[in-house]
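Chemist: In case it's useful when we look at the structure, here is the feature table from TrEMBL:
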type	residues	note
ACT_SITE	156	active site, proton donor/acceptor
ACT_SITE	160	active site, proton donor
BINDING	9, 10, 11, 12, 13, 14, 99, 100, 101, 123, 124, 125, 126	NAD(+) binding site
BINDING	157, 166, 167	(S)-2,3,4,5-tetrahydrodipicolinate binding site
DOMAIN	4-126	domain 'Dihydrodipicolinate reductase N-terminal'
DOMAIN	129-265	domain 'Dihydrodipicolinate reductase C-terminal'
Ligand SMILES: NC(=O)C1=CN([C@@H]2O[C@H](COP(=O)(O)OP(=O)(O)OC[C@H]3O[C@@H](n4cnc5c(N)ncnc54)[C@H](OP(=O)(O)O)[C@@H]3O)[C@@H](O)[C@H]2O)C=CC1
Ligand SMILES: O=C(O)C1=N[C@H](C(=O)O)C[C@H](O)C1
């Protein structure tokens, strides 16, 4: 069976990669490409936007989303626009694959509520490598316990608008959970001036924004006389796009629920 796929944020960095990745699968048919209402690329063929052959699907304003039928919507846009997309998916009973990061608590609560009605896959990172990294970090944090200091360092391109990255926050959440801590109570997002000594249970975050770095994450476990570092480096956005396409096909077959990439990949411990 072919899944009818719609993409929100289709002319963005990830949107263009999603268009390309959708063409590599014969179980997906791209039926709609949505962009910002004011985009100068409205009306342009999605294939042309992505640098491939014409696909016969033009970029249209996301304000028209409710007029189009699809089985699954893949959203890599911004938190605000993805909330509007969520409302359309709920109204249509379509599944949603959420790649967008940077939600506030109220927006995340709306996503959680939406998952009572439709299948939602939400992951801050759709690469298989990062999802295995989450598993490894959970195991390392549990094994090393309170004897080590945990710091998370992430680096991304200069265009990224949210910090720390969604992946860094998820890594922190997994590490905190594995040590019986709550990330909200342990996280240290900034340090400047007379900070005082490091609280032992702190989970620190450091953010780099530079050039065109696709996405790099290191979790540092520093103890007495040794240091363990677990690093993932994405070198192409195709790794995210391919994973999101896999999630889209999977989501189309699921009942209502809030799923992660661990469910799509069949991993039990990773998120
Ligand atoms: N989960 C994962 O694996 C990954 C997640 N991400 C996340 O995906 C998101 C997008 O990243 P990226 O592609 O780099 O960002 P971009 O800014 O390149 O893309 C976002 C797109 O959303 C569009 N947009 C803005 N407003 C609307 C609207 N109202 N309706 C529809 N589309 C709209 C923008 O259009 P315009 O430019 O015309 O304003 C733009 O094309 C980020 O949150 C990022 O963190 C990124 C990579 C991997
Ligand atoms: O904005 C990006 O580019 C990325 N965002 C995601 C995040 O916030 O974790 C995933 C990836 O690292 C790229």
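Including glycine, each Cβ sits where the backbone N, Cα and C put it.
The model shown is predicted, which means the values in this text are computed figures rather than measured ones.
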Chemist: As a quick check of your reading of DSSP, tell me how many residues in the domain 'Dihydrodipicolinate reductase C-terminal' (129-265) are helical, how many are strand and how many are coil.
Modeler: 55 helix, 38 strand, 44 coil
Chemist: Averaging the per-residue pLDDT over the domain 'Dihydrodipicolinate reductase N-terminal' (4-126), what integer do you get?
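Modeler: Its mean pLDDT is 98.
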Chemist: Rounded to a whole angstrom, what is the C-alpha distance between residue 101 (NAD(+) binding site) and residue 166 ((S)-2,3,4,5-tetrahydrodipicolinate binding site)?
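Modeler: Per the Cα atoms, residue 101 (NAD(+) binding site) and residue 166 ((S)-2,3,4,5-tetrahydrodipicolinate binding site) stand 5 Å apart.
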Chemist: Record lists 9, 10, 11, 12, 13, 14, 99, 100, 101, 123, 124, 125, 126 as binding NAD(+); longest Cα-Cα distance in Å?
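Modeler: 20 Å is the greatest Cα spacing among the residues binding NAD(+).
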Chemist: Using a 10 Å cut-off on CB atoms, tell me which of the binding-site residues 11, 101, 167 is the least crowded.
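Modeler: It is 11 that, of the binding-site residues 11, 101, 167, has the fewest other Cβ atoms within 10 Å.
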Chemist: Which binding-site residues, if any, among 11, 13, 99, 126, 167 have a Cβ under 6 Å from ligand 1, given in order along the chain?
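Modeler: Near the molecule: 11, 13, 99, 126.
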Chemist: Could you tell me which of these recorded positions, 126, 156, 160, has the fewest other Cβ atoms within 10 Å of its Cβ?
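Modeler: Result for the recorded positions 126, 156, 160: minimum number of other Cβ atoms within 10 Å at 160.
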Chemist: By the count of other Cβ atoms within 10 Å, pick out the sparsest of the binding-site residues 13, 157.
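Modeler: Counting other Cβ atoms within 10 Å of each of the binding-site residues 13, 157 gives the minimum at 157.
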Chemist: Counting other Cβ atoms within 10 Å, pick out the least crowded of the binding-site residues 9, 99, 124, 166.
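Modeler: Counting other Cβ atoms within 10 Å of each of the binding-site residues 9, 99, 124, 166, the minimum falls on 166.
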Chemist: Expressed to the nearest Å, what is the distance separating residue 124 (NAD(+) binding site) and residue 166 ((S)-2,3,4,5-tetrahydrodipicolinate binding site) at their Cα atoms?
Modeler: 5
Chemist: Just give me the nearest neighbour of the residue listed as 'active site, proton donor' among the binding-site residues 9, 13, 99, 167, Cα to Cα.
Modeler: 13
Chemist: Can you tell me the CA-to-CA distance separating residue 9 (NAD(+) binding site) and residue 166 ((S)-2,3,4,5-tetrahydrodipicolinate binding site), as a whole number of Å?
Modeler: 18
Chemist: Using an 8 Å cut-off from the Cβ centroid of 157, 166, 167, can you name the remaining same-chain residues around the (S)-2,3,4,5-tetrahydrodipicolinate site, in sequence order?
Modeler: 101, 124, 125, 154, 156, 160, 162, 165, 168, 215, 217
